[in-house]
Each structure stands twice: as C-alpha cells, then as structure tokens.
Amino acid sequence: MSFRLQPAPPARPNRCQLFGPGSRPALFEKMAASAADVINLDLEDSVAPDDKAQARANIIEAINGLDWGRKYLSVRINGLDTPFWYRDVVDLLEQAGDRLDQIMIPKVGCAADVYAVDALVTAIERAKGRTKPLSFEVIIESAAGIAHVEEIAASSPRLQAMSLGAADFAASMGMQTTGIGGTQENYYMLHDGQKHWSDPWHWAQAAIVAACRTHGILPVDGPFGDFSDDEGFRAQARRSATLGMVGKWAIHPKQVALANEVFTPSETAVTEAREILAAMDAAKARGEGATVYKGRLVDIASIKQAEVIVRQAEMISA
C-alpha cells in the first residue's frame, strides 16, 4: 500500500539557528542571551584547522558552564572527510554532559554518512551511561546529498532537522555564482520586457522539504550571506516559509530578529486560520464538506492548512 501516515516533526520552535565560531568564546554569552531558538556552536568552516582543538575545548567549557536557558543547543562538527570529526564526537559526548542537545553533521552525501556518526555516538552513549539521546541535524550541501536526500532523511531515528548549505551546494553543482543564498542577478525570468529575479535554491529547498515532511523532520533554510541586506534576508526567508521550511540560519546577530519575524505566524494569519476552522466547524454541523470564507472556497484540506498555522503559533507562544 502506498499510503502511510505522515509522522509529525519534533514539536519545538526552530525559527532561527544562530551560528558562532568555537574559536571566539567571547561571543558565547551573547548567543545564550539572544532570541534564537537554536544555538549552533561551530567547529567546522568558521574555525581554522590550527584552532580546531582549542575551539572544541572552548565549546565544551561553555556547554558545561553557561546558562543556555531554553535554547536548543547544537554543535556543528567537522565533516567526515576530515581528521577532526571523530575527536569532535568523542570529546563532546564524553565531556560536555547532558546539556548538549544535538550535533550538526555537515556535507552529508548519503545515509551511510549518518550511520557512521550514529554508530560512534551510540557506542559512547552506552559506555558513558548517557540517558538523554543526542539528536542530529544534517546539512545537504552537495550534488550527492540532494540526489540521496530521501534516504538521508530516513537514515536515523536521531535525525530531527535538515538544512541546505547554499555555498558548498553551489560549488558542488557547478553553479556560476559566488552568492550565499538569495536571488542571483543572472537567474531571472522575462516578463513584459522586465527582469524578475528568482533564486536557484528553491528546487533543492522543495526536495528537502518533501523528504523532511515524509519522515517527520524539521526542514530548515541555510545561510543568507549578505548580512547588510535585511530585505533580501526577509525575502529569502518568506520564500522558504512558503515552501514549508520552519526556520533559517543566522550568521550575524542582526538576522535573529528577522528570522523570528518571518517564521512566527502573524496575528492576522492566526486569526484567519482560526476563522477558517470555525467556518468549517459550522459547515460540518450543517452536513456540508465545504463553505465560503471571505469569498473563497474552503474545504477539508483547508482545515489541515489552517491547523499548521495555529499549531505553529501555539508552540512558539508556549
């Protein structure tokens, strides 16, 4: 049978994931005090090779020593193609304690990549008697990753989220751009003699969303590199939200408020969703499967759409 129930994703806010390099511990307290739902302390791209060991020590000290409040606390480890990743996993699991919620696995190209990390994590958890299972977020940032996105989404019960890493993805795909997310000047459509810029990421985002929703995982948009362009960030985030993504990375503190703004349902949207649910309740009481709301048809499928908005708003306000 082709039909199966679609599992629900983790019920936690994930509007903004704020990144900070492990080599800059002075930033950690500010990150902990930010309005981001998720904190990603980074051991990968933002840390120079010679600084990896010290960055790892900085992060472990901060996880154990700082008050992170209700933040979902994550560490991006180094890629499996480096000599650093296993030490990242071993030291974090053995030294960081239960406050660590998640590790982010970069450059995942197939399910076996996730399995390799899962096997190591599971062995350490058993050896240490860790009772809180560590969750995973993976980053799709290669042609192989997007080609195998569904098998990756199904690869581990630890997997809670999946992001698109735009820069490495663009390089792997041979895309002619140096931009990180957002619209690209040479990627446009012609309409009435004018250019209407689009972005080359939406098809990959849609593939990630479909795989995530099939397997009960949170789909997350990746970085927007130009942190001087607030409107560009908002526009990219709105497109991602429309596709079904639940949040976006922030690579600069000023992007946190922008992400929270876009991925928090507005009062108008929530009110309209509740009104649609009420209208459909009234229709069902009359024995009808559809009704008219503000001049447009709403039916049973509209209930599901409205419930998505209401659930998201209630989860954020809880």
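From the backbone N, Cα and C atoms, a Cβ is placed for every residue, glycine too.
What Swiss-Prot records for this protein:
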BINDING   Phe19, Arg24, Lys30, Arg76, Ala167, Asp168, Ile251, His252  substrate binding site
BINDING   Glu141, Asp168  Mg(2+) binding site
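Distribution of Swiss-Prot features across the structure.
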{"residue": "Phe19", "record": "substrate binding site", "Cβ neighbours (10 Å)": "24"}
{"residue": "Arg24", "record": "substrate binding site", "Cβ neighbours (10 Å)": "15"}
{"residue": "Lys30", "record": "substrate binding site", "Cβ neighbours (10 Å)": "11"}
{"residue": "Arg76", "record": "substrate binding site", "Cβ neighbours (10 Å)": "27"}
{"residue": "Glu141", "record": "Mg(2+) binding site", "Cβ neighbours (10 Å)": "26"}
{"residue": "Ala167", "record": "substrate binding site", "Cβ neighbours (10 Å)": "18"}
{"residue": "Asp168", "record": "substrate binding site", "Cβ neighbours (10 Å)": "20"}
{"residue": "Ile251", "record": "substrate binding site", "Cβ neighbours (10 Å)": "19"}
{"residue": "His252", "record": "substrate binding site", "Cβ neighbours (10 Å)": "16"}
Alpha-carbon spacing, Phe19 (substrate binding site) to Glu141 (Mg(2+) binding site), which is rounded to whole Å: 17
Whole-number Å value for how far Glu141 (Mg(2+) binding site) lies from Asp168 (substrate binding site) (Cα to Cα): 5
Integer Cα-Cα distance in angstrom, Ala167 (substrate binding site) to Glu141 (Mg(2+) binding site): 8
Residue pair Lys30 (substrate binding site), Glu141 (Mg(2+) binding site) - Cα distance, angstrom, rounded: 28
Nearest recorded site to Glu141 (Mg(2+) binding site) by CA-CA distance, among binding-site residues Arg76, Ile251, His252: Arg76
